[in-house]
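Notes follow the structure.
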């Protein structure tokens, strides 16, 4: 590890925090609007599914938030470095617990981050590292919320349009809000990961754009394929999800993830990873992940092909005649283009942060020659440090930037 001063809170961090809470509120508002439309039209089944997704997503996010709140209070020196201000309203544990039970913990994390950021950026007060700490947690929570709610909701909206063969304004608004939420999550999450790299200036806008594009081009056809399959065999999509989710859960367990600080929290994390993998690749373990990535994308390519073939066999010939051929051509090509952009990213646009480092005394002799340099986050290990860095996000940064040649 290369020790150094952690990145300071800037006006761009404040802007990203404000946009993040606006995106969250807009997405939540569109969900309520769509649910109200379904209920008023008498579509109680779709109303129930949408509300169920909203509740499930909220519960999962609140659980992660509460686990992290408890973990942070137990960190050596955490309260001292944050001025006795923990994540929500100081050390008022009962109030924080009540907020999470009322499903308001995530929202008040946003408010805490904006408040702390305003004090640091505008008023020039102390607490820059704590403000950065807060926005890193929010980035991970937004990632979880996106794949627990926005991605499934996007699938549901496309499914409804396909089943009814018509679209209302509210459905287009919901699709746009969900897509925007997913896109913003990708940019924000990647940006937060880079904060743990010593030389993050080498990551340019072009690199971020390519990273955004390959994620979008891989997620979009996946969501479309699931919606198409659901439109012809709606009773089997739940079985399809549960089967793949269980396989992904076992795979996450096999990789021996170590993200949370408790056994229950770790199984919650693995379960959530299984849900994320249902839509998109997400690296959860250290090491060269080329093999795991190839296995995942090969599996998803085969699964996507099965979904498309099933839809083609069971589709309504008259209703789908206008768009069947464009979909059968564009969806596989879009997924292939996403894989090409991903390969291009790692070959040409990945941060050039790999350099041989001298081995510190006591380190194993079988370490790889090229190690990425990360900032110190020793406060989470055992002893207090002058640097307050988010161990959870540092863990994912370590996984993401393990090797320049991974896919």
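Note: Cβ is positioned from N, Cα and C throughout, glycine not excepted.
Any TrEMBL annotation is an automated prediction that lacks curation.
Bear in mind that the values here come from a model prediction, so they are computed numbers and not experimental data.
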When you get a sec, could you say which of 256-274, 275-293, 294-312, 351-369 is annotated transmembrane segment by TrEMBL?
294-312
Under 8 angstroms, Cβ to Cβ: which one of 9-26, 46-69, 209-229, 236-255, 294-312 has the largest number of such pairs with the transmembrane segment (324-345)?
209-229
Do any residues of this chain, six or more beyond the ends of the transmembrane segment (46-69), have a C-beta under 8 angstroms from a C-beta of it, and if so which?
31, 34-35, 38-39, 86-88, 96-97, 100-101, 103, 105-106, 109, 137, 140-141, 144-145, 148-149, 152-153, 156, 160, 260-262, 265, 268-269, 272, 392
